[in-house]
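Inspection log for the structure reproduced underneath, given as structure tokens.
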Amino acid sequence: MSNNPSGQQDANLTSSVAPAARKPDFPDGGLRAWSVVAGAAGLMFCAFGYVNSFGVYQEYYQTHQLSTRPPNDISWLGSLQVFFLFSGTLIGGPLFDQYGSVVLWPSALLFIFSAMMTSLCKDYYQFLLAQGILEGITSGMIMAPGLAAVSHYFFHNRGAALGIAVAGSSLGGVIFPIALTKMLNNPKLGFGWSVRICAFMMLGILLPSCAVVRPRLPPRKKAIVLWSGFRNPLFVSTVLSNLFLVMGLFIPMFYLPTYAERAHGMSQQLSLYLVATLNGGSFFGRIILGMAADRLLGRLNVLGISGLATGIMCFCWTRAHSVGAIVVFSVIYGFTSGAVVSMLSACFAQIPKDPRDIGTYIGMGMFCAAFGALIGTPISGVLVSQSGGFETASTFSGVVTIVGSFMVLVVKLLSGKGVWSIY
């Protein structure tokens, strides 16, 4: 008899916990859920949107503070920033799963601190530490909790909700390049105050965004890294496909202004606006294709199709010779590549059975995919320097992106739902 109460208690405990783990009740809407989406969009506006404006810095550094450095050295700054942005999710995601949104506050303050330090930089190693490493890590620690929180509230509409949240980065990628271009060309402001003004603007957005982003589920008490995920063929194949996609994805984003100015004589100010037009296209791609992923095609299908379209556009990059053609390319490339970025997190979020593990899976997956960003842009920088043109970089980015899109087929096969299934 002494064992029965304990057994009954365990059974009651199991019955109370299991439903939350096996079949969570997702709101899929409502004021609270959409306020979390709005907050996540604000986080993405600052974290990923500011990183998306690195093409402006790439061109500016080549003619100002780092003019004695070759392009591939400068591209390492952007590549490291993206690498640590994705890697930072391995810290922010699991911490969010274990401690909730409290992790956002120190991350946001350190992110603003890194931007302030960048405004004071003069030497290459200073930019490397402040903008490349610290800013990258803290932006990833901001991004992961936002994406995980949205996934707590949405299941059937997760693609659209994440698309809207990630579209915040597109909006930031439009506003920051335009603002930076205007301010950097204003002799009364200069580099330091241009960056500091952006930092103050991000502080005003991050504070309310951190306040509204909250987890829906109770925290889990597992290890920070769930090593069992790396024994899951579905997770591993998703990681590999995303690694190749990310490897090629950011190359045109970083080099498009330089290509337009050096290869076709576009003015520096106009070339820097290309970053804004590219991110404007990604805004619509993330929302429209995110909705299509939920209602019509499936998230993996949208990832593969948009990845293939992005790879084809990479080959078209150096075929744009006029100002109008380059602008059209930037809009279309933004539309297709934007969906890839938003579907990365959506595809990782649908792998774990327990939604309390979503932040950790997003962090682990994006950390692994980050190595593609780490090597892709510097390789293209070497190709540009050695060839004196952008054709080889265009080919490289196109090939690796298309390889990543075809690897999505492997993910579909391993999912057990069939290649043509909506998944």
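Yeah, the Cβs are placed from backbone N, Cα and C, and that goes for glycine too.
Annotation comment: TrEMBL describes 33-53 (among others) as transmembrane segment. Here the transmembrane segment (33-53) has long-range neighbours at 27, 78, 81-82, 85, 104, 111, 115, 135-136, 139-140, 142-143, 145-147, 149-150, 152-154, 161, 164-173, 175-177, 180, 198, 202, 205-206, 208-214, 253, 275, 279, 341, meaning same-chain residues at least 6 beyond its ends whose C-beta is under 8 angstroms from one of its own.
As annotated by TrEMBL, transmembrane segment applies to 74-96 (among others). Counting only same-chain residues 6+ beyond the ends of the transmembrane segment (74-96), those with a CB under 8 A from a CB of the stretch are 47-48, 51, 54-55, 57-58, 61-62, 66, 103, 107, 127-128, 131-133, 135-145, 148-149, 215, 224-225, 246, 250, 254-255, 359-364, 366-367, 369-371, 373-378, 380-381.
Sequence annotations record features per position, and here TrEMBL assigns transmembrane segment to 102-121 (among others).
Look at TrEMBL and you will find 160-181 (among others) tagged as transmembrane segment.
TrEMBL lists 193-213 (among others) with the feature transmembrane segment.
Distant neighbours of the transmembrane segment (234-255): 52, 54-55, 58, 75, 78-79, 82, 86, 275, 278, 303, 307, 310-311, 313-314, 317, 333, 337, 340-341, 344, 347-348, 351, 361, 364-366, 368-373, 375-377, 380, 384, 390, 393-394, 396-401, 403-405, 407-408, 410-411, 414-415; these residues of the same chain sit at least 6 beyond its ends, with a Cβ under 8 Å from one of its Cβ atoms. As annotated by TrEMBL, transmembrane segment applies to 234-255 (among others).
Per TrEMBL, the feature domain 'Major facilitator superfamily (MFS) profile' maps to 234-423.
Taken from TrEMBL, the feature transmembrane segment applies to 270-289 (among others).
The transmembrane segment annotation in TrEMBL covers 301-320 (among others). Here the transmembrane segment (301-320) has long-range neighbours at 159, 241, 245, 248-249, 251-252, 256, 259, 263, 285, 289-290, 292-293, 326, 328-329, 332-333, 336-337, 339-340, 343-344, 346-347, 389-391, 394-395, 397-402, 404-406, 408-409, 412, 422-423, meaning same-chain residues at least 6 beyond its ends whose C-beta is under 8 angstroms from one of its own.
Marked as transmembrane segment by TrEMBL: 326-349 (among others). With a cut-off of 8 Å between Cβ atoms, the residues of this chain six or more beyond the transmembrane segment (326-349) that come close are 48, 147-148, 151, 158-159, 162-163, 165-167, 169-170, 235, 238, 242, 245-246, 249, 252-253, 256, 259-260, 264, 266, 274, 277-286, 289-290, 293, 299-300, 302-303, 306-307, 309-310, 313-314, 316-317, 320, 358, 361-362, 365-366, 369, 411.
Summarising the annotation, TrEMBL assigns transmembrane segment to 361-384 (among others). For the transmembrane segment (361-384), same-chain residues at least 6 beyond its ends with a Cβ under 8 Å from one of its own Cβ atoms are 70-76, 78-80, 82-87, 89-94, 140, 144, 147-148, 151, 225-226, 229-230, 235, 238-239, 242-251, 254-255, 344-345, 348-349, 351-352, 390, 392-393, 396-397, 400.
Proximity of distant same-chain residues to the transmembrane segment (396-414), defined by a Cβ-Cβ separation under 8 Å and at least 6 residues beyond the stretch ends, is recorded for 233-234, 237-238, 240-249, 251-252, 300-301, 303-305, 307-308, 310-312, 314-315, 317, 347, 372, 376, 379-380, 383, 421, 423. The transmembrane segment annotation in TrEMBL covers 396-414 (among others).
With Cβ pairs under 8 Å as the measure, the transmembrane segment (160-181) is packed most heavily against 270-289, out of 102-121, 193-213, 270-289.
Only residues 6 or more beyond the boundaries of the transmembrane segment (102-121), in the same chain, are considered here, and those with a CB under 8 A from a CB of the stretch are 43, 46-47, 50, 65, 92, 95-96, 127, 129-131, 134-135, 138-139, 141-142, 145, 191-196, 198-199, 202-203, 206-207, 210, 213.
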